[in-house]
Every structure is written in C-alpha cells, then in structure tokens.
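Asker: Pulled from TrEMBL, these are the listed features:
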- A:H478: active site, proton acceptor (ACT_SITE)
- A:K60, A:G124, A:D340: FAD binding site (BINDING)
- A:G298: NAD(+) binding site (BINDING)
- A:C51-A:C56: disulfide bond (DISULFID)
- A:5-356: domain 'FAD/NAD(P)-binding' (DOMAIN)
- A:376-487: domain 'Pyridine nucleotide-disulphide oxidoreductase dimerisation' (DOMAIN)
Amino acid sequence: GKNEYDLLVIGGGSGGLACAKEAAQFGRKVAVLDYVEPSPQGTAWGLGGTCVNVGCIPKKLMHQAALLGSALKDAQHYGWNISQPVHHTWSVMAQAVQNYVKSLNWGHRVQLQDKKVKYFNVKGSFSDPHTVRGLTKAGKETVITADNIVIATGGRPKYPTDIAGALEYGITSDDLFWLKESPGKTLPSFILYVSLECAGFLTGIGLDTTVMMRSIPLRGFDQASHISNKKQICFTTQQQMASLVTEHMESYGTKFLKRCFPTKVEKLKSNRVQVTWKNADLNTEETDSFDTVMWAVGRAPDTKTLNLETIGVKTNSETGKIIVDASEATSVPHIYAVGDITEGRPELTPPAIAAGKLLAQRLFGQSSELMDYDNVPTTVFTPLEYGCVGLSEEAAMQRHGSDNIEVYHAYYKPLEFTVAERDAAQCYMKMVCLREREQRILGLHFIGPNAGEVIQGFALGIKCGATYPQMMKTVGIHPTCAEEVTKLHITKRSGLDATVTGC
Amino acid sequence: SVQAHKEEDNPEKKMEVNGPTPMPVPNSYDYDLIVIGGGSGGLAAAKEAAKYDKKVMVLDFVTPTPQGSSWGLGGTCVNVGCIPKKLMHQAALLGQALQDSRKFGWHFTEDVKHNWMTMTESVQNYIGSLNWGYRVTLRDKKVTFENAYGEFIGPHTVKATNKKGVEKLYTAERFIIATGERPRYLGVPGDKEYCISSDDLFSLPYCPGKTLVVGASYVALECAGFLAGLGLDVTVMVRSILLRGFDQDMANKIGEYMKEHGVNFIREFVPIKVEQVKEGTPGILKVTAKSTTGNQIIEGEYNTVLLAIGRDPCTRKIGLDKVGVKINEKTGKIPVNDEEQTNVPYIYAVGDILQDKLELTPVAIQAGRLLVQRLYAGATTKCDYVNVPTTVFTPLEYGACGYSEEAAMEKFGEENIEVYHSHFWPLEWTVPSRDNNKCYAKIICNIRDNERVIGFHVLGPNAGEVTQGFAAAIKCGLTKEQLDSTVGIHPVCAEV
C-alpha cells in the first residue's frame, strides 16, 4: 500500500528538524520522531536535540557566565567599584539557562506545528525499510510508514565502562547542564573539547575543578594523533593550540592531572565521590574526593535501538556511525542520515542543518546541490577561545609537503587586556598557506576572545579561495584582534620572534 | 587628480619664496627623508624607510589645546583617538556586563559606581607606555626624532621649533607630510574658553558630569555612548543627520538604540553661545542654542560641553606655500595622486590630511608603508583604498565594508541591487533579557555581477571582530552564493 508520509525523520535535533522543516516547505507530508532516553542519572529533555538541550546553547551560556566573572574582575581596573568578594550562585544561572532552553523546546514544537510537520514523542526502530515502529514512554506503540526516511539520532556521551563505579557515580554533559545544585568540586575527566569547555566555565564561576587527562589534549578534535607528544620540535596544530588553551586555563586556576587515568570510582558516606587513579609518569596510584565526577570521553552514535542490522543499513564497525555517500544516502535506498550519526562528518550543528536542508531540497525540490564539507569553520569555547577553519599545519604538510607550505604566525595582545592587566601570553594566531605563486590560504587558526566572531568572516574568504596577498591587501579595522590576521607576516620558517605589538 | 612630475625633471629648480632672499636648493641633504608628524602614517613610513638604511628624521609636536591638554609621540590614534576611545568604550561595556552578570548568577552589592579617575589613570598609563615604546622603537631603528614643530621655509628645507622656541634647520631629499588633524571649534562666544574636545576628554582630570555633546559624527556618538555607559547624564545636540556619509538606515538604528539606553538627543539645533555659570572641575556651563528650522531658542545647563563637530587638517601653518604644495583652500586637505605624491614631486603626504581618502589609522599605516617601499625598495604596489572596512564603537557597535545602501543604489541603480537582511538576538543577550530586535545585519549584492557582495553592514556586539573577516572575503570577490554555501560557526553572532 501507499506510505503514510513522504518523509519520516527519526531524531528531532539540528539536522533532523532542519530537514523536516525544509521538506514541509515543498508541501510534503512530513513526520518527526524525537525521544530522549534518560541518562543513567535520570536526566532527560525536550525537542531540539543535543545542541539546544545539552550542547552548544547551554554550553555557550555557561561559558558566558564564566566570561562575565572575568569581566567583573576587569571592571575594577576600568574604574567600577565592586565590593569584594563576588559570589556566583549555580542555581540562579542554571535556572536561567534551563528556562531559555525550555523556551527553545517550545519554539521548535510551535514551528513544527506551523509548518504542519507531525511530531511524535516516541522512540523509533525499523521494522522494514519503509516502516518504523514508535514506542512512547508508557510503552504504547505506533506504526509509521514513509517513502523516505532520514536518520538523525545524533550521539550520546560514552561512559568508561572499564572503570568500576563510573556509571553509577559519575555524570556526563547530559547531566551537567540540568543540575539544579552546584556540582561543587568537579573532576571532568579526559580531554575532549567538551571536557575543556566545561572545566573552563566551571572554574570561571568559582568551582574547584580538576581535569584528568590520559594523554594529549583535544585528541580526536583535529586529526590523526599517532604523533607522540613527547619530543616534537615542530608541534602539531592540535598540540600547539591545545597547549596554549590549557596553559591559559591553568593560569586561571583549573588543575590538570596529566598522564593519569582513573581506575576506580566510589561513593563516600558524605555523599562525595572518591576517585582512584594511576599516574603513568610517576607510576603511582593516587586518590582524592570530589563532589562531582564528569566523564567527557567521547560520544557514541545513538543507533543501538534503531534495528539497523535488520534492514541492512551499513555502519562503520569501529565507530558505529552510519556510512553515507556524498548525498547523505545510506546503503539502503530511500534511507538517509545526517548529523553526528554519520561517519566522516564534522560533529557540528551548522553542517548538520545545512546538510539536512540540502537533502530535503534534493529529495523534493529538484535541486542537485550536495553539501560541501570542506572548510567548515568551528570554535572551541574554552575560557580563551580557539577558532579555526580549513587545514591544520600538519594536514597541510601531509597533503602538500612541508616545503610547499608557509605558516605565518603571531602572538598578539588584545587592547582590552592592557588596562585589565590580563596576561595575553596565549593569544596567538596562525595562517597556513601554499608557498607557490598564488599563496592560497589553506587554514586559519585563532586563539583569543571572540574567536568565533573573528573566524566566521575569514571562513567566507577561504571559501572564495583567498590568498595571502589578498589578505595583506585587506585593510585592518582598528583597534580589534581580528585586524592582526591581515597583518600576519612573520613565518615559522624564519624562526623569528612572533610577538607583535598592536599600534 | 594631480599629475605627477618625475622628480628627475626638476632636480635643482629654484623656487620663488615669500621672503627678501630666495633660498638656494641644497646640493646634499641632511636626511634622505623627513617625516613631519609622528602619528600612525608618519611613524609607519619612518620605520619602513629605516629598514632600507635610509637616514630618516621624524618631527612631532603637539600644540596644546585651548584647555591646555597635550600628549606624547604617536599621533591622534594612540593619544586622543582609537586607543583611549576603545578602552573607555570597554569600560562602558563592562558596566553593561555587570548588569548582565547578575542574571547569570553573579551577585555583589546593589549599587556599583564608576570612578572616572581610576579609569582615566589606567588609560593614560597605557598610552604613556605606547609613547615610550615608540621613542624606543625609533631609537632602535636609528630614526632621529625631534619633539619640534616642523614647517617648510624653502625648497627641501624645514625649520623645527621646539617647546622652548629653539629653531633648527634641516634639509632632506624627500618629505612626507603626515600632520593629521585637530578638532574644529564652533566659532561662537565661549567655545574655546569653556568647551572641551576629544583632545581633552581622554585625559580629563575630573569626571565630566552632566555632559552636552555637540555633533553627530562617529566621534560624538562614540563619546556620548561611553559617557552614558559609565552612568553620566548625556545629551547629544545634532544639527541635522547622524553619521553623515554612513549608511543612514544603520545610523538611525544606532541613534534609536542610544536613545532607548538613556542618551538624550536634541535634534536640529546648534549652539550659539556658551557661558560659565559657575567655576569648578567640573563647573556649570549654560548653553544657548538656536533651531535650524525656525527661530526657537533653548537653553540648558551642563557640567561639560564636548565639541565633536569635525576635524580640520593641520596644513595651514606648516609653510606649504613656501614650497608650492597646493591644498584645497576650503577644507585644508592635500590632494595627492595614487602614489600619495603632492604637486611638488619630492613632497608626499599620508593619513587624515589627504583629500578624498578615508581618515583611518590602518589606511594611513598601509599607505605610509607602501609609499616608502615604492620609494626605496623598488616596489610598485599602491595603497588599495577600495572596500576598506571600518567600525563605529557606539554602545551597539556598527561594522561596515563597501557601499552603503544609498550609495549602492545611486551607483548601480535600485533595480540592480538586492539587499538581504536579518535581525538577530545574540545568545549572550537571552538570559539577561536584553533587546531581542536590535542587532541587525545586511548585505548588499550587485545582481548584475553574479550577486557579488558590494556592501556589508552589521550592528551588534564585537562588530569589528565580525567585520574584519568579511572584509577579506569581499576583497576576494565574495558572491551571495559563496556566502550561502559557507557554514556558520555556532553559536556566534557572525553566523547570521
């Protein structure tokens, strides 16, 4: 018989909602399934996916809260008489953030309604390539059929299952943003951008925070990290930027336990959590107690309950992610996937949205435009932010050979840091270019305040094939941090001191 | 435009000079290059020339303001422009941040006051370090610096007069005039005696109190903006429109925002008299103003009156007539060709004094550097004055690059341009419930040219940081399609 819907989207996050809403624009019959399996700690949330509920949005807001803490300190240098000490109350912030997120959940539901997209709050699994069985929280079943199905179920935080007590006594980012009470003395464990961002803002609001890292920072954020971090004369971008970011965090009070990994997590009578770990450098075992232990050891694609094997959708055996081609198609006709769940794609909201929209346009709008995943800009919102677009130094070297690339770099000082007497030692930028005639720009990396705002425009330039001469022809806006990009002239190759003075 | 003469054409021509005896042209010179004016353009040129082992001298002198303010080496930007302006703007932004922070969970005393002296001292200390830094840099690069007023007295010859009145003569093969500008006064009774300008504001040794800002330039709006942000009672008196020369749609939005955030505006009036009611630091001044559209007269009392009605080039008293350099008699600006050369082949000019060029530090620096590279390093690159980005640091910042909407319509025809626009709500403004319909961005595209982006305008926080990259993209010929296909960074304002 005929399928009930033209398009069924499983997963109401960034990619899924964008796809559904775009398809509805073409007058198609569209349905969205969204369901949040509560975390082991029992946290759940509404429509909108990771970004809205437990990702970008609450993260940036809490990052902002921490930045405002710094601003309060700066303000005194600028003449504002604030009496010390200044306190932060977690619950005031958390409630404000959670209220805003809930307004977004509501907004999404209204949008779907306005666009006549049917929304089911059910957990979906495939019965056959055109049929999905949906289960409500109460266990009630719905059967939905569709001509085309898009899987956009995203990912959830991983737990280190080999560590006793990890699941029972630790939380993840899924829980952190919904805590009603302060996490207190926290140990975000392992290094991923999630871990650094959270540690960053937790320290910023005054909490005693320690980051435990097994090896190198920002692993898996950039590219292959088979390079050992011990004796690198020429640092990889990942290590260089990560060490600048973590150096900054250290100088502002975040503690780092490097080359350590936990072996055991236990609950104490006082309700605190005790962590035992091995220090690989000293070959010792240590313990300490915390109010909260947060795992940020990576995210796993949410495919377990989808029943993909039954219908033959191929996944990557190592990562579990769904394999798609350039048009977002899976191994099964009429079944597609977008967002964090897809193999080889950046785990970011904007590309998921863009891919979702383009997919809908190709399915229903006679478009043939494919998503361009090259040169996707991104930003890590650590206390000192890191924005980048394009290739890292080592990727460029790998692709073109180190003789064929030139890296321009500079250590700069934001004007606003001067009066505030803030240390700018880690404010840094570098531009990776081809050496040959045109000197096309392959990548741009920036550490400093408002990194996202700075990088966005340059990402456009790179999309236009910007060259180093064009960058030098662009006049700077004064006084900003971004203008330093248009003034980069010291090469790594020269070995000269890359500190630049503003005016 | 001025036709360039090759310097080789007139190597030893004797020039007519207003004086009893004509001055001879020296056969050898004291310096390869003398730069008159140690500001953004002048210093950049001098430092660049030193790289090529040229013998360079910089003459810099600050004539004190009517109120007696003066400053060190570095020019307008460093001392009484961009730098102190941005720092005081930052102080005001921090005041707003204090308010926001309560919503983000921070708590401290209810009543937070701002101390003008603490801020001004910090700012002046930083500026002092820059003045010092420049002197050290010049010394290191073996550029001779004299804190003396330079003026031409004959071909290839300047007279340098220091603070004590001691005069010295110097000769050079080439000169670069980079004397910049100073604030204009109203020309009404009481203006020079009682009013201050931006030249005085950044080092004012007392809080300005209730302030009347006269003018609608970016200087006027930026100053009014941060003064209000620091908690002062501010009124802006505007003769006609805001931000003449800027996109008027954006200018009006800036004005609206300032009005809604506590700045008073008196539109279509000009002051005709300023009198002192009470002496003091600050005292009380009475301002009488007349309507530009009728006969209405109004009066008001303020602690401080800040004039920001424009700036005039420092070109009328540097002896240009003695060497035959032509200036625009009305504006005082110096016309140059596209190689920054005046009508006198060995005399060049850069910076704010140039006719029909942008009054911006980065432009002056770029022009100065490239000029010197052409003179001494065989380079041919000329300064690119097209699509120069800029930012107005009003409370709601405005970044722009390229054509305003009205200029685009005039140049290309309304039917050939498409304007894409959007309001946006910065994520950081949500929690503290700040305005959700004020931030705004628009791009202007040329339909006939592949929808090329010819104008970019953004009103919002960190507008300068946002605009810089877009300016680079516009320099690369950005089209709407390329813009659409570029993925955003989330969540930031720039992704809009």
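Cβ coordinates come from backbone N, Cα and C, glycine included.
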Asker: 10 Å Cβ neighbour count around A:C56 (disulfide bond)?
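Answerer: For A:C56 (disulfide bond), the 10 Å Cβ neighbour count is 20.
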Asker: Provide the three-state DSSP residue tally for the domain 'Pyridine nucleotide-disulphide oxidoreductase dimerisation' (A:376-487): helix first, then strand, then coil.
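Answerer: Taking each residue of the domain 'Pyridine nucleotide-disulphide oxidoreductase dimerisation' (A:376-487) in turn, the totals are 42 helix, 31 strand, 39 coil.
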Asker: Over the domain 'FAD/NAD(P)-binding' (A:5-356), what is the model's average pLDDT?
Answerer: 89
Asker: Non-local Cβ contacts of A:D340 (FAD binding site) (under 8 Å, 6 or more apart, same chain)?
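Answerer: Non-local contacts for A:D340 (FAD binding site): A:G13, A:G15, A:T50, A:G154, A:G155, A:R299, A:P301, A:E347, A:A352.
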Asker: On a C-alpha basis, identify the one among A:C51, A:C56, A:G298 that is nearest to A:G124 (FAD binding site); the candidates are the recorded positions.
Answerer: A:C51
Asker: To the nearest whole angstrom, what is the C-alpha distance linking A:K60 (FAD binding site) and A:C51 (disulfide bond)?
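Answerer: Here the two Cα atoms lie 10 Å apart.
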Asker: DSSP secondary structure for A:G124 (FAD binding site), reduced to helix/strand/coil, please.
Answerer: strand
Asker: Would you mind checking how many other C-beta atoms are within 10 angstroms of the C-beta on A:G298 (NAD(+) binding site)?
Answerer: 17
Asker: Under 8 Å Cβ to Cβ from A:C51 (disulfide bond), same chain, six or more residues apart: give me those in sequence order, or none if nothing qualifies.
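Answerer: Spatial neighbours, sequence-distant, of A:C51 (disulfide bond): A:G13, A:S14, A:I57, A:T349.
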Asker: Looking at the recorded positions A:C51, A:C56, A:K60, A:G298, which ones have a CB within reach of chain B, meaning under 8 Å Cβ to CB?
Answerer: A:C51, A:C56, A:K60
Asker: Could you measure the widest C-alpha to C-alpha distance across A:K60, A:G124, A:D340, the residues recorded as binding FAD, and give it to a whole number of angstrom?
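Answerer: Roughly 30 Å, rounded to the nearest whole number.
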Asker: What is the separation, in Å, between the Cα atoms of A:H478 (active site, proton acceptor) and A:C56 (disulfide bond)?
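Answerer: One finds 30 Å between the Cα atoms of these residues.
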Asker: Tell me the Cα distance separating A:C56 (disulfide bond) from the residue listed as 'NAD(+) binding site', rounded to the nearest angstrom.
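Answerer: Rounded to a whole number, the Cα-Cα distance is 16 Å.
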Asker: So if I draw a 10 Å sphere around the Cβ of A:K60 (FAD binding site), how many other Cβ atoms end up inside it?
Answerer: 22
Asker: In which DSSP state, out of helix, strand and coil, do we find A:K60 (FAD binding site)?
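Answerer: Reduced to three states, the DSSP call for A:K60 (FAD binding site) is helix.
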